[in-house]
Amino acid sequence: MKTLLLDLALWSLLFQPGWLSFSSQVSQNCHNGSYEISVLMMGNSAFAEPLKNLEDAVNEGLEIVRGRLQNAGLNVTVNATFMYSDGLIHNSGDCRSSTCEGLDLLRKISNAQRMGCVLIGPSCTYSTFQMYLDTELSYPMISAGSFGLSCDYKETLTRLMSPARKLMYFLVNFWKTNDLPFKTYSWSTSYVYKNGTETEDCFWYLNALEASVSYFSHELGFKVVLRQDKEFQDILMDHNRKSNVIIMCGGPEFLYKLKGDRAVAEDIVIILVDLFNDQYFEDNVTAPDYMKNVLVLTLSPGNSLLNSSFSRNLSPTKRDFALAYLNGILLFGHMLKIFLENGENITTPKFAHAFRNLTFEGYDGPVTLDDWGDVDSTMVLLYTSVDTKKYKVLLTYDTHVNKTYPVDMSPTFTWKNSKLPNDITGRGPQILMIAVFTLTGAVVLLLLVALLMLRKYRKDYELRQKKWSHIPPENIFPLETNETNHVSLKIDDDKRRDTIQRLRQCKYDKKRVILKDLKHNDGNFTEKQKIELNKLLQIDYYNLTKFYGTVKLDTMIFGVIEYCERGSLREVLNDTISYPDGTFMDWEFKISVLYDIAKGMSYLHSSKTEVHGRLKSTNCVVDSRMVVKITDFGCNSILPPKKDLWTAPEHLRQANISQKGDVYSYGIIAQEIILRKETFYTLSCRDRNEKIFRVENSNGMKPFRPDLFLETAEEKELEVYLLVKNCWEEDPEKRPDFKKIETTLAKIFGLFHDQKNESYMDTLIRRLQLYSRNLEHLVEERTQLYKAERDRADRLNFMLLPRLVVKSLKEKGFVEPELYEEVTIYFSDIVGFTTICKYSTPMEVVDMLNDIYKSFDHIVDHHDVYKVETIGDAYMVASGLPKRNGNRHAIDIAKMALEILSFMGTFELEHLPGLPIWIRIGVHSGPCAAGVVGIKMPRYCLFGDTVNTASRMESTGLPLRIHVSGSTIAILKRTECQFLYEVRGETYLKGRGNETTYWLTGMKDQKFNLPTPPTVENQQRLQAEFSDMIANSLQKRQAAGIRSQKPRRVASYKKGTLEYLQLNTTDKESTYF
């Protein structure tokens, strides 16, 4: 079985990409009045005779379809493409090994561009299941066979032979029946004989009965599978047998070969499943003596195929297979006729999903399909008459309505009194003895009930008198400041959330505890609430958190509950970094989590608390040893449950709590654990309130449940998946209890230990070691991320403050002010900035300044200077501080000023085309003081007369000129750099009087593309000229149809993200040290 499932996965990977072309091929072969059917022909045990007989059946069906379409006035062509398996590649004499064969045939059809409108075949369950997955639910499939449970409830698959699901429904119905003259007992036990040599149909029928999570197993109290012939033979006369009923599958010859002439106990009933054999209804057939203890389950006979050319030499079982292929053709013809008459396209998903919940005219009469496309039929239960030695009909069963109809009310059975015996041995003692024992038992029971009631009354009285554990507030201690709440590997934890967590965590009796708000103000609990609290005190179980009592703090009442270090299960599932899927949270760990919750709930349901009422993944917590514990139980009269995604549908409709409601909540949690997705994950709905509404209001439709992807489950996962689906059944009575859930998971969990030859403690230690290694890796990884983040922060600081200042702040926490003997300071501003703002929107002004100053910043980066600040349109730069650089400060400022002026000669505004932007530049050198001012948003500021003079040099300058003081020129003369300058003459500087100033015009042997400054010297004329330029620019914009840009939320993103947002981790050494 495991090998086959691995084949399924492998072939899915190999062939899945090829099916993407199905839709185009189907469109080619299903249009313009020509429709093609793809028929897969596979030779195996399901149809051992020559495949030519199946081809004859298909051809006969095609002739019938063509005639029916012609009679309906539809002039279309219907043909079939036959694809045969390659016996040299696939030597599969058994359907149970034909997975690859079916996929290979499908690939051949696809490569040949002959993909038809519908796929007929194969009969093998494995092949059908895999091909259904690979056609991606968009292609109709009709199968003659595919009996297994894995092919149930497939949206585009139709099965024309009775599947195992129908057989289970009959057996459960018959077992429960107890109101017939010949069956007065309900049965609840059975043996199932299965040796692995059965035919294809029998293999899957018995496989369904064997599955521990199937409907049949769920309804029976006892079921044992017999796998050896000797086991079957021993049961026939074993007085200690647990059941009188044995189910097997095959014909009378198979039974005789197994049983022979051995004696059989008089209470034994053998149910022989032989559905596809109508020889029992022949007039000349006599039942052999060994069939007297046997009830034969078969299908109602059909004689239409007996004289057909293609089936004349076939065995009865093979005739049914051939008939299914033929009816598959007729079914397609029926649906094709309907769609063509309605003018609809058959290559749409609607056609693929239409083969269900209908009745069509088959070869031997009407054929009915149920809501899932499975054929409905009439099953017949036969018995051997001891008078006539003939097979007679005992009852019939209609699979469509799931109802039994008795036929022979006075059968001549071999069993005593012509009644079917009880299924359990030894239920036939004398009536007097039954009466004696019954009376004795009733008296004992009454005495026991009276004793229990008296005991319960005394305990309840004690509980009412006893005061629950109310802890004095002085025994609750806050956590120490050096105690952390939980281990966290995130470097950006929310400190506010951490503070709230601290308020809810305290210490009691030297243990860390959680304080649960009970929404109670005064602590005067009612009698019922006191009983609930006392019940909680008595619970002490490994998978349930301990309740220590209540405490009153301020005006609030808290429950004091055991603390679990790793937080809730929901948090663990969300943390894919600390608990990765591949190395830690594997399938075995998920099973152990489910097992822990099931054990805790099983104990809780058997305790006095009886029910949880608020079970969800956030109420399941994980301790330091990775053990899952349930919390927040009890106190249902204090904290009534609310509607949530975990709430059972019956409690959404009517507020209540129940054990079956807890089982539903467990199913939702199990889906979270298995898929590790959000609560109630489903692709069809994302909104929480809508999910709750759809669960509450099913309105007779298919119940709304989260996705579980049963089709892709591996073999080891399938049993758990089916268990989860049973937990969220709409009918609460169909849900298993936690005892059964615990038993099932214990068996599955035990298999892991047996395979690895290790105990539970070995597994726990191994998991903690694995977690420790993973934690070390994560700590190392987070350390690297921290260092990278620290370097990123340093780079950002260096853009705001000088490097030496940042280093001093990090090392000392402050920067000492310092006096610098000689520095050079640069000032510039935009001429006519106020006028430009008048004709621009605020966002256009921001865009303009951002474009200009980003370019200034790039120029500044190439010189040994420090950008001090920008205020409006003013730009201030200094050199020679905080790191002294000799005479370089004047050279760097001068070169920088020339490059900035050269750039401004090429700059043009987008919203005012043609308008030149004029700037004034002033430069001055001298002493100044510098230091960091303030704590919030600290800034490195300059102080002294040099700063004021540099500002005066700018304000007294002219547009597109670099106004330089005499002190700066004197420093430049002391250097080897030959700067070009002109004497401006005497200039009045406020606070300093008249001084000789200069125009910096360039540098020898280096060309700067400086703009030509305006020739007008008079200030008023300059303003008039600038106003004329703006007016011309506005006319150009209007003529070109350029509209003012609408304000943008982040104007600076226009030409790329701000540089400080582009900072990333760096490979350079950190500057932290």
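Residue numbering: from 1, along the chain as shown.
Here the Cβ of each residue, glycine as well, is placed from N, Cα and C on the backbone.
Look at Swiss-Prot and you will find 489-749 tagged as domain 'Protein kinase', backed by sequence analysis.
Annotation comment: Swiss-Prot describes 824-954 as domain 'Guanylate cyclase', evidence class sequence analysis. Taken together, the residues in the domain 'Guanylate cyclase' (824-954) have a mean pLDDT of 88 on the 0 to 100 scale.
Mapped onto three states, the DSSP output places ASN32 (N-linked glycosylation site) in coil. Residues annotated as N-linked glycosylation site in Swiss-Prot, with experimental evidence given as evidence: ASN32 (among others).
ASN75 (N-linked glycosylation site) falls within neither a helix nor a strand when secondary structure is assigned with DSSP, and so counts as coil. Positions annotated as N-linked glycosylation site by Swiss-Prot: ASN75 (among others).
Residues or ranges marked as N-linked glycosylation site by Swiss-Prot on the basis of experimental evidence: ASN79 (among others). Here ASN79 (N-linked glycosylation site) comes close to SER34, TYR35, GLU36, ILE37, LEU62: these same-chain residues lie at least six apart in sequence, with C-beta atoms under 8 angstroms from its C-beta.
Positions annotated as N-linked glycosylation site by Swiss-Prot: ASN195 (among others). Just so you know, the Cβ of ASN195 (N-linked glycosylation site) picks up 15 other Cβ atoms within 10 Å once every protein chain is counted. DSSP assigns ASN195 (N-linked glycosylation site) to coil, not to a helix or a strand.
In the three-state DSSP classification, ASN284 (N-linked glycosylation site) falls within coil. Swiss-Prot lists ASN284 (among others) with the feature N-linked glycosylation site.
The feature N-linked glycosylation site is assigned by Swiss-Prot to ASN307 (among others), with experimental evidence given as support.
The N-linked glycosylation site annotation in Swiss-Prot covers ASN345 (among others), and the record cites experimental evidence as its basis. In sequence order, PHE339, PHE351 are the residues near ASN345 (N-linked glycosylation site), counting only same-chain partners six or more apart with C-beta under 8 A.
A coil conformation is recorded for ASN402 (N-linked glycosylation site) in the three-state DSSP classification, outside any helix or strand. Per Swiss-Prot, the feature N-linked glycosylation site maps to ASN402 (among others).
The feature signal peptide is assigned by Swiss-Prot to 1-23, with sequence analysis given as support.
Residues or ranges marked as topological domain 'Extracellular' by Swiss-Prot: 24-430.
Here Swiss-Prot flags 455-1073 as topological domain 'Cytoplasmic'.
Swiss-Prot lists 431-454 with the feature transmembrane segment, giving sequence analysis as the kind of evidence.
Taking the Cα atom of each, ASN284 (N-linked glycosylation site) and ASN195 (N-linked glycosylation site) are about 32 angstrom apart. For ASN75 (N-linked glycosylation site), the nearest neighbour among the listed glycosylation sites (ASN32, ASN195, ASN402), judged by C-alpha distance, is ASN32. The highest number of surrounding Cβ atoms within 10 Å, among the glycosylation sites ASN32, ASN75, ASN284, ASN402, is found at ASN402. Between the alpha carbons (Cα) of ASN195 (N-linked glycosylation site) and ASN32 (N-linked glycosylation site) lies a span of roughly 52 Å.
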